[in-house]
């Protein structure tokens, strides 16, 4: 194995490790949901959309779709399994209206993935198959990485990093950087582009953390649009509810 391939493999392994941390980050949230037997004000949409991203990326990484990307398949296959568990738990404990919405979205995601699989298997071959699957995976990877934008807006608005944990931001940066370099070394724009976006977004989060980490807790959290789910940058409960149910 030459130096180029060794580096390619090394960054793929590191990318697997950092991505696994991100996939496991919401475990604390779901322990809370199970304990309270309620999804409270958490949003289930990010988990369903992350599932679609994982399914599409895992499919793209398979050898008959794109070469030398098996490490993309391993971590995204693992991520898909984890996200399915999250979604099923969310559906089990959600209120009736929210349960129907997330279940419908879950079925839609599986349907979209099924269509992509069937089209790529029976209608496309060679480069056209890679192009089709790569574009689909890239679009939803960028959407997944963009999910913390709302929490970054809150940090700027409240001048507080209370809802933006440092280690989560750090691993977004490390994960994006690892797969960005992996994509560059493998000359694969469908891996490099979305993860380059994730790398930049992670860097922005770390810069915001450095700026606002000593500002103290914001006194204006009540004025925020919605509470936020800190693992995925989505609405979470306000301080009063957190005090009643325990901190995350």
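Just so you know, glycine gets a Cβ as well, placed from its N, Cα and C.
The feature transmembrane segment is assigned by TrEMBL to 6-30 (among others).
As annotated by TrEMBL, transmembrane segment applies to 42-62 (among others).
The annotation transmembrane segment is assigned in TrEMBL to 74-95 (among others).
What TrEMBL lists as transmembrane segment is 102-125 (among others).
Residues 46, 49-50, 52-53, 56-57, 59-60, 65-66, 116, 119-120, 124, 163-164, 169, 172, 176, 188-190, 193-195, 197-198, 201, 205, 228, 230, 232-234 of the same chain lie 6+ residues outside the transmembrane segment (131-151) yet bring a C-beta within less than 8 angstroms of a C-beta in it. Annotated transmembrane segment per TrEMBL: 131-151 (among others), in sequence order.
With a threshold of 8 Å between CB atoms, the same-chain residues lying at least 6 positions outside the transmembrane segment (163-185) that come near it are 4, 7-8, 11-12, 14-15, 18-19, 21-22, 25, 71-72, 145, 148, 151-152, 154-155, 191-193, 195-203, 205-206, 208-209, 213, 228, 230-231, 236. Summarising the annotation, TrEMBL assigns transmembrane segment to 163-185 (among others).
Only residues 6 or more beyond the boundaries of the transmembrane segment (191-212), in the same chain, are considered here, and those with a CB under 8 A from a CB of the stretch are 69, 72, 137-138, 141-142, 145-146, 148-149, 152, 155-156, 159-161, 164, 166, 169-180, 182-184. Residues or ranges marked as transmembrane segment in TrEMBL: 191-212 (among others).
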